[in-house]
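Written below as structure tokens is the structure these notes are about.
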């Protein structure tokens, strides 16, 4: 009944947030290279009259890139978004959005001054009604068109440098599938030539911040289309799972009774159509995915290549990964050793942190294990398990941030693969976000994880941790000081005892006010560090 009721909202609710703003997907905006739409609240570009923001030229990072992409001027995603726009809204204070009409993550209220912290929960801890509501929200997103965003169906060159716009409407769920595809697609070099060693969302430092921003935008989109401001994406804790416990009709869809590669007809996910899964066809045609339906979701969990991924990740592998102190290292790609990012992403062995691209660990392991739509990078977001999986991966990233408390400078400023330097703007988001802006605690972005919350002691422990670390560093000195203090105390005690023995024969006028036994019974002692 709840699912039916949600279906009725399809003709009522409208979404927002994604890739190309509809109001900027026209010849005039493309030729002017400007995307500074008016805010509805006052009718001025970027809400300038209300002091929300101004239309400004985009300042691009000039930091050098790594050697992985040896071309320049051949891909629309280079120096994002300058091929399409060189002027966008720069929002002030806590305002955000392509027209500064929204609040930054973690803020709410008319003037975006109210802090708000939401909690992402384990999907198996949701009540039946909460779980059904989540599934209904996903189905709603799959069936309602985006009001504010469209997708590009051609390159800038194919658009004749903006004079012939090529954009298309898309539903809210598939908008995010397309964005994931667009960020990870190959570079089209002309003819039948492509460059595959490029990815703006994977295999480099931006993997974790990019997906963090991606989920936050997806989460906010669902909040908007449902009117449920408290909605958060649940996570699936897959550590030590023996099989795909989430793959049931009660949750994300069971297995088809006669075709193990399909979903059970009892799950409405079985009727979903996938997009952006035929990368070789796009490459041969030198075309972009245009969001045409390409068939049902494929999933055959556990029937993958066991030599590459023998099982789902374990708790011990996650714990080892969290001990790694370097966020990034070496070449800062899938060949990086002792890199927390590369180990969590799954290109390095989860027991040694040495790169091994013949195996798939941690994050990658789950994608391979699903053995279907989720196992191909560009189209993996078609399977709704993607959301649950990446929410848990993000929670591991959050654990590492809280444990090691890195400075922003730990995130590489230069020489990372294209699009992954700290100040690079993330492809393909408009409004613009830099990689470094999401290399911070989730609490600063307005959300937490149920299993990471520390109810009473959290804030106090956060306050103490830096001082405890300093104490740990000077511990040898503290021990030495304690030993010396003990010696001095012993010497002084001996001298005092000797003096007291001498005083036993003194006159009453100079006797102590308390006897030794009274001293012992009535004086309280405190120890100090």
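Each position is counted from 1, following the chain as shown.
Cβ coordinates are placed from backbone N, Cα and C, and glycine is handled just like the others.
Annotation comment: Swiss-Prot describes 1-18 as signal peptide, evidence class sequence analysis. If you look up Swiss-Prot, you'll see 180, 202, 211 marked as Cu cation A binding site. Here Swiss-Prot flags 293-313 as region 'Disordered'. The transmembrane segment annotation in Swiss-Prot covers 477-497. Residues annotated as topological domain 'Cytoplasmic' in Swiss-Prot, with sequence analysis given as evidence: 498-529.
Recorded features from Swiss-Prot, shown on the structure.
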{"residue": "180", "record": "Cu cation A binding site", "contacts (Cβ under 8 Å, 6+ apart)": "201, 214, 276, 378, 379, 380, 381"}
{"residue": "202", "record": "Cu cation A binding site", "contacts (Cβ under 8 Å, 6+ apart)": "184, 345, 377"}
{"residue": "211", "record": "Cu cation A binding site", "contacts (Cβ under 8 Å, 6+ apart)": "201, 390, 393, 394"}
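Counting same-chain residues at least six beyond the ends of the region 'Disordered' (293-313), those with a Cβ under 8 angstroms from any Cβ of the stretch are 238-244, 247, 253, 255, 260-263, 269-278, 350, 358-362, 364-366, 368-375, 382-383, 385. What surrounds the Cu cation A site, by Cβ distance within 8 Å of the Cβ centroid and not counting 180, 202, 211, is the set 183, 184, 201, 207, 210, 214, 377, 380, 381, 390 from the same chain.
Confidence across the topological domain 'Cytoplasmic' (498-529), taken as the mean pLDDT and rounded to a whole number, stands at 36.
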